[in-house]
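**Q** One structure is given below, represented as structure tokens, and several questions about it will come after.
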Amino acid sequence: MSQWYELQQLDSKFLEQVHQLYDDSFPMEIRQYLAQWLEKQDWEHAANDVSFATIRFHDLLSQLDDQYSRFSLENNFLLQHNIRKSKRNLQDNFQEDPIQMSMIIYSCLKEERKILENAQRFNQAQSGNIQSTVMLDKQKELDSKVRNVKDKVMCIEHEIKSLEDLQDEYDFKCKTLQNREHETNGVAKSDQKQEQLLLKKMYLMLDNKRKEVVHKIIELLNVTELTQNALINDELVEWKRRQQSACIGGPPNACLDQLQNWFTIVAESLQQVRQQLKKLEELEQKYTYEHDPITKNKQVLWDRTFSLFQQLIQSSFVVERQPCMPTHPQRPLVLKTGVQFTVKLRLLVKLQELNYNLKVKVLFDKDVNERNTVKGFRKFNILGTHTKVMNMEESTNGSLAAEFRHLQLKEQKNAGTRTNEGPLIVTEELHSLSFETQLCQPGLVIDLETTSLPVVVISNVSQLPSGWASILWYNMLVAEPRNLSFFLTPPCARWAQLSEVLSWQFSSVTKRGLNVDQLNMLGEKLLGPNASPDGLIPWTRFCKENINDKNFPFWLWIESILELIKKHLLPLWNDGCIMGFISKERERALLKDQQPGTFLLRFSESSREGAITFTWVERSQNGGEPDFHAVEPYTKKELSAVTFPDIIRNYKVMAAENIPENPLKYLYPNIDKDHAFGKYYSRPKEAPEPMELDGPKGTGYIKTELISVSEVHPSRLQTTDNLLPMSPEEFDEVSRIVGSVEFDSMMNTV
């Protein structure tokens, strides 16, 4: 998509800024007609080089002539007139000063980019504000619902107290009247009738009050159910989905404390309702009557309250931290046999009476059908302490939790020789950890169970990359925790999904994810030149099939580069010095108009173990197309001996017997090499202690340094005029430094 096309999609307030960039000296018509051609030229270079500016000026006039011809074929007289007028104006204004035209065009394109960036930031801010506002409004709404439940419980508490007072008064008056009727003198009939009418009235008030209390409890349970459904079916589900994303490198998951607060308030409210129902039963036992609303509704109210509390407490039992080996904290859900792993459980209902009352047991592959239905499906035993009591003391935030820190898996070995004829390879075989406990209170027994996300069990660390690929693919595409047959028929992933997850793999271990250009290159590798966000990528294409003409799959190549960055290139990657994922064609397109000695850093596409190289541009001696030179890629072996910044600093090329020189001058687009990498150069080491080598005049070891030297034919260099012939002594010294490796076969020398 051209920059000019993107600008035309902006809101009117940004389009107005674009209009202000252009006037008669360089009209907008030319920008419109020659949009793509203008954007492909290096106007910054032209603005600083009169000869280059002159060439671009005449090229632009030629482009206008071509456009005029197209309008002629279309018989568009008005546009022909405009083109001729624009061309004459350009010739009048810039024929003698082409640099001025280049400066204007460069400035306009630069300002356009700023307008696009400002518009993008504005849209992101608007989107972020809208999203934040929506989330905040949703949180406020839930807060209001939870408070409403709590307030209604308190209201019912007061209503039951009023009911109890009314019933006590009614009972007292009934007994008083009965006692007076049994007295010797009796009660006057008129007085007796009056008191009976009063009791009748009180009875009706009592009946209405009981009906009112029962109705309010029913209403409370209705509101509680709606609130609880929002917590369980919306908030908790969203948290679990965010946890899946966080497990595979996505944004960190939100804290559970707010969710715990809501769950706890609702649970406390339901516990209070249970106490209120007990109170109503006590009142019923003291006094009941035909069609008593308490007698009629109490069982339904008990059952419904228990059902809501059971659903809430069972849903609140979650895996707060998924199974993970401490040795690989950024690769959760991949477990190696014989290596300890940790997992943390949490109860979102934080009631003091539950502290130290819930004993959690961990089980492996409980009720997993695949154990019997999938041929070759492995079975494992759990070693270590597999029971733990939940408490509030071990957690830093005081939550009710249980953390298993010393669990291990051991494979059950079947008698006979194990075959690998099953439909799933080891790293596609999904397993699960289940956790059980039981809540016991007077008149209340509830079984709790939760399950981890699927895990991959490996027996060798070399299986870790493939195992992690399975975890990525599953959690990117599935929200179900128990779909362990997923890889029998794994679905395809859309490039829009996979590209985001690939970027997470870099941003989760570095300070920088993948930008659009880098992702476009990877998309073309997987989908070809017509890659689109909706392009479908099969699982086998991502992880199992050799990519293009290479002898390794796409994911293992990415994983190797990740390891190379983490161990050897992290500061350079974080600073944005490494372009990394760029095709050779795109690389040459970027470098061809740059000044000699401009270079960029990219990852090798042909190295299975991950490698990085640099390519620089030189002007050809015959004035034709520029020459490009790429050094043999550096792997972890070379980078373990010498840091990459030092390699760039000391790199030399040698032609025949001339003095070696460093061809690397500017990091693309125009950053001085020492400015880009200087802070990473190794500092000089202290001189070694003198040693007696040849008597009293011995001065110790002679310091050596590892450098990279490439021999090239003189014709491949920009020029050899400035490479002075070396004396025999100088040549011998260089040969000594380089070593005995033959120059014609040498690329990197130790």
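Cβ atoms are placed via backbone N, Cα and C, with glycine included.
Source: prediction; values computed, not measured.
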**Q** Which one of LYS138, LYS175, LYS511, LYS673 gets the tag N6-methyllysine in Swiss-Prot?
**A** LYS175
**Q** Check the candidates LYS161, LYS366, LYS584 against Swiss-Prot and report the one noted as N6-methyllysine.
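**A** LYS366, according to Swiss-Prot.
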**Q** Which residue among LYS40, LYS114, LYS173 does Swiss-Prot mark as N6-methyllysine?
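**A** With Swiss-Prot as the source, N6-methyllysine is noted for LYS114.
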**Q** Write down the residue from LYS140, LYS279, LYS296 that Swiss-Prot flags as N6-methyllysine.
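**A** Going through LYS140, LYS279, LYS296 one by one, Swiss-Prot flags LYS296 as N6-methyllysine.
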**Q** Pick from LYS13, LYS379, LYS679, LYS703: which one does Swiss-Prot list as SUMO2 cross-link?
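**A** Of LYS13, LYS379, LYS679, LYS703, Swiss-Prot lists LYS703 as: SUMO2 cross-link.
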**Q** For the candidates LYS388, LYS550, LYS637, I need the one that Swiss-Prot annotates as N6-methyllysine.
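**A** According to Swiss-Prot, the N6-methyllysine annotation belongs to LYS637.
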**Q** Between GLU29, GLU563, GLU705, which does Swiss-Prot record as ADP-ribosyl glutamic acid?
**A** GLU705
**Q** Rounded to the nearest angstrom, how far is the Cα of LYS637 (N6-methyllysine) from the Cα of LYS114 (N6-methyllysine)?
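**A** Just about 43 Å between their Cα atoms.
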**Q** Provide, as an integer number of angstrom, the distance between the C-alpha atoms of LYS175 (N6-methyllysine) and LYS366 (N6-methyllysine).
**A** 63
**Q** Using the structure shown, find which entry in LYS114, LYS366, LYS525 (the modified residues) has the sparsest Cβ neighbourhood within 10 Å.
**A** LYS114
**Q** Under 8 Å between C-beta atoms and at least six apart in sequence, can you list the same-chain neighbours of LYS637 (N6-methyllysine), or say none if there are none?
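**A** Listed in sequence order, there are none.
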**Q** Rounded to a whole number, how many Å is the Cα of SER2 (N-acetylserine) away from the Cα of LYS366 (N6-methyllysine)?
**A** 56
**Q** In Å, rounded, how far does the Cα of LYS525 (N6-methyllysine) sit from the Cα of LYS366 (N6-methyllysine)?
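**A** Cα of LYS525 (N6-methyllysine) to Cα of LYS366 (N6-methyllysine) measures 41 Å after rounding.
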**Q** Under 8 Å Cβ-Cβ from LYS665 (N6-methyllysine), six or more apart in the same chain: what's there?
**A** GLN595, PRO596, GLY597, THR598, PHE599, TRP616, ASP672, LYS673
**Q** I'd like the per-state residue tally for the domain 'SH2' (573-670) from DSSP, helix first, then strand, then coil.
**A** 23 helix, 27 strand, 48 coil
